[in-house]
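Quick notes on the structure that follows.
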Amino acid sequence: MSDAPRKLFFRNTSNQPQQPPVVRQVNEQPNQETNVQPINQTKDLNQIGLDVVQPGEVSLQQVNVVCFNGVQQFSGLLVATNYQVVFSPQRFPKDFRKDYFQIPYTFMIKVDRSVDKKQNDSIILEISSKDGRQLRYRFYREQSDDCACLFNLINKNAYTLQKTTLFAFTFYKEMQNLENEFQGWKIYNIEKDFERMGVLIQQESQQQQMNVLYKYVNNEGGQICATYYNRLIVPARVDMDCIQKTAKFRSKERIPILSYAFQVNGKIVSLWRSAQCRIGIGQIRSLEDELYLKQMSQQMVDEPENQQEEIQLKIFDARSDVNSIGQQTSGKGFENPMYYKNCSIEFLEIQNIHKMRESQTKLLKNSFSETISFISQLEISQWYEHIVSLIQGAVRISLSLTKEKLNVLVHCNDGWDKTPQLVSLVQIMIDGYYRTFDGFMMLIQKEWINNGHQFCQRSAIGNRQHSDDCRSPIFFQFLDCVYQMLQLYPLSFEFNVKLLLDLAYHHMSSLFGSFLCDSFLEIQKQKVMESTVSIWSWVMKYKEKYRNAYYLNPGSIEQEVIIPEQFTGKSVKFWQEYFLNYSSEFNDVYGIHPSSQFTRQSISIWSRDNLQEMYKALAKENQVLRLAQMDQEKLAHLNQQKFNQLFQIIQETQNEKIIEKLESIQLT
């Protein structure tokens, strides 16, 4: 099996006789549910000239059509499978990547059908993809029935609200051994995660302990919050009544929960996440919520009562202050420092999900445009202004934790978009573990999948409303931020850009079950873990493909914390491997761009261990040279001192000839 799950490989069919256009008559009594008429029996894709890497994928319909893209036209075979729509040209154009013509159903944002009066009433089928591709297929007038059946088939598969009909469930039947071997669904263990941090957490079954700051609470079945994980970490000294009342005061019941903590000088500095509070225009108070945040601010078990106005907890609201104030009209808002003692609040001025969607749409359109105004259009899209805002926001939070040693709470509106972006970036910046394979996978599983990022809604999986306001590239935007960090600190990440590219692709592909749902509770109810393959099982199997050969373990470099304090627009690198992936201007003929896979030989030559040995040898050599230089400087200084003493003695003898000769001597 190939190590590239997203690619289909085409056989050379130029010597095979061309199949004539298939013309079928459609039964006048269509299926009442889907209006789809089967015109071809299911076929193995190998029988029609396609080698496919996705086990379980079969052809549902195929027809000869003309694909046209701008001024270019290609005749070929259009195949609809149970996973995607693929076009196989008779002669493959050299300027196109082969996977350009492959669009999984859940990538489709819009499918249109129209009649071209100028071309003898031929029918145009147009498919728009969420990554910016637009493919148009021409059917001759006598193929109208085929076009109608194909159109209905695509709509049936692309716009299904039933999770179990997605290809991930079929893929699992063929790839169950992969999941059984690597068990990607079990990669995250909340207890092991916080044990690694060195933080003691009280178990649910234990009585109140005096030597702990935090405790686990049971959230099975969403009894506290329906969109959080089934186990939460909260302050140890708040009881269940306080937790439940705090939940009622927070949007979507998303109470503050512990994401990360570290010890320094006998204190525990902590990072929390939540949704906004329901304070409203009337400045409604919740004593339980205020008590909850007071307990969150504690850094020591026996910490004395703070009688001064000293800040102990800093709240970062990801929104602008104007937006946060506007939320009060709908009964929500932000914490008032008058009521939340020893707390301060800062606004990060990050735009909402609608601005992000509009920005990405402009950038993708520009990436596929053939105009020469690419640079100016890139600026107009404002995509990288948003990237800069996110990274700068994460920097401010990281500095509050590491330099000011303050506890931090992060929230946005509902705490499932900008909040996971920020807390994930912060953990990547301040903890090298989350820059390893295992740490990065656990981080995404913890902050995104388990704690309720709405992957299904944000990726519009199964949603035919292409203009739906819920759609937004939040997770992809996080990946672009990680890409920026990887460019700034190329030796600090165990993985390479290829992992980010495949995550960007597969969080919308429906090949894996990890990104199909909006919450962990939905994952449980849909039995997704029992019926699909986790993306992490795939990553672990093909880890070498994603390995950064230049990675230096944090133990081998001076600084584990990587906080880009001076990050500005000048620091941004355009992610051309993603945005120009299908552009002819970025056709990687030689396969040498950063996402290219290392060969076995190059990995053996430039392996991590070899690089670390080279680094150690160079460091040792530099140290020896430096010591030798210091010895030479000391010797020269000593000789100069002795010379000065001798010169002084001779001056006292007042022998002018000897003095004249000594003055001409230059010590080196």
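Along the chain as shown, the residues are counted starting at 1.
Positions of Cβ are set from backbone N, Cα and C atoms, glycine also.
What TrEMBL records for 1-22 is region 'Disordered'.
TrEMBL lists 184-579 with the feature domain 'Myotubularin phosphatase'.
The number of other CB atoms found within 10 A of the CB of ASN352 (substrate binding site), across every protein chain shown, is 16. Residues or ranges marked as substrate binding site by TrEMBL: ASN352, ILE353.
Neighbour list (CYS412 (active site, phosphocysteine intermediate), Cβ cut-off 8 Å, at least 6 residues apart, same chain): ALA275, GLN276, ASP317, ALA318, ARG319, ILE350, LYS418, THR419. The feature active site, phosphocysteine intermediate is assigned by TrEMBL to CYS412.
In sequence order, ASP417, ARG458, CYS470, SER472, ILE474 are the residues near ILE353 (substrate binding site), counting only same-chain partners six or more apart with C-beta under 8 A.
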